[in-house]
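Record features (TrEMBL):
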{"type": "DOMAIN", "residues": "A:4-113", "note": "domain 'CMP/dCMP-type deaminase'"}
{"type": "BINDING", "residues": "A:HIS55, A:CYS85, A:CYS88", "note": "Zn(2+) binding site"}
{"type": "ACT_SITE", "residues": "A:GLU57", "note": "active site, proton donor"}
Protein chains: 2
Amino acid sequence: MSSWTLPQPMKRALELAEASAAAGEVPVGAVITRGGEVIAEAHNAPRERHDPTAHAEVLAIRRAAEALGQERLTDCELWVTLEPCAMCAGAIVHARIGKLYYGANDPKGGAVEHGARVFEQEQCLHKPEVYAGIGEAKAAELLREFFRERR
Amino acid sequence: MSSWTLPQPMKRALELAEASAAAGEVPVGAVITRGGEVIAEAHNAPRERHDPTAHAEVLAIRRAAEALGQERLTDCELWVTLEPCAMCAGAIVHARIGKLYYGANDPKGGAVEHGARVFEQEQCLHKPEVYAGIGEAKAAELLREFFRERR
């Protein structure tokens, strides 16, 4: 029996989530690819950077747009270990990310399948293709460990 | 007869919106105050900065948090000329902005009174006090002019 292997960008996003926890930040990692190539990556860093907008997705989107010299990331894929919040889902819309792959779902803070459901709004200008649950066991385990240690 | 005068931070936000239009960006301006003092200001700049997250509110929040050396802006007020989108409303939640004052409403992209209604979600961790319609005539006029010239 062979087991399904995680796509490389999600493996990398999980490594970034681990680095995030090691830095005392909520463990979330994100990678942006285009045509199989990594364009940008980031982990969560609001504390370190004193920046409430410094979620992994926002940082990765800003880095990818800077690297490509354009504000739209139409042909890009975003891989992130946790369901994006409203801020990050909004940033994904503005960046015109083509495909979104995420790990664990987030009933408390997520805004894709939960709460604000940003992509499902009638006014939403751009809906990425969404693939959920990729690497979710590991992503959720990292989050559980992080919050258990801090209780 | 004396007419009601706009609060100074909203006057400044409208000047920033005009500067935004002059720079070829959608005219939106934002100012963050604390105890009557201006902490940060910004205009919309996604094109100039090649950054899809560079809305006036996000830039002002990032600058205020940097200036104060903390990721939370609990005692701060945000003044912005247009109803915030989902991304910016999410950033306002993460920053714990105390009071939000905005000008024109935005049925197409707004996420306070429209669409994702971020602050009204049950999961929303922080709801600012919201005051809408301050300076809305001027804010809306700037937007209409901008889009009329580009048609």
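Using N, Cα and C of the backbone, Cβ positions are placed for all residues, glycine too.
Applying DSSP to the domain 'CMP/dCMP-type deaminase' (A:4-113) sorts its residues as follows: 42 helix, 25 strand, 43 coil. Spacing of A:CYS88 (Zn(2+) binding site) relative to A:GLU57 (active site, proton donor) is 6 Å (Cα to Cα, whole number). Applying an under-8 Å Cβ distance to chain B, the recorded positions A:GLU57, A:CYS85, A:CYS88 reduce to A:CYS85, A:CYS88. Between the C-alpha atoms of A:GLU57 (active site, proton donor) and A:CYS85 (Zn(2+) binding site), the distance comes to 10 Å. On the 0 to 100 pLDDT scale, the model's mean across the domain 'CMP/dCMP-type deaminase' (A:4-113) is 97. Summarising the environment of A:GLU57 (active site, proton donor), the number of other Cβ atoms within 10 Å of its Cβ, over all protein chains shown, is 29. Neighbour count (other Cβ atoms within 10 Å of the Cβ, all protein chains): 29 for A:HIS55 (Zn(2+) binding site).
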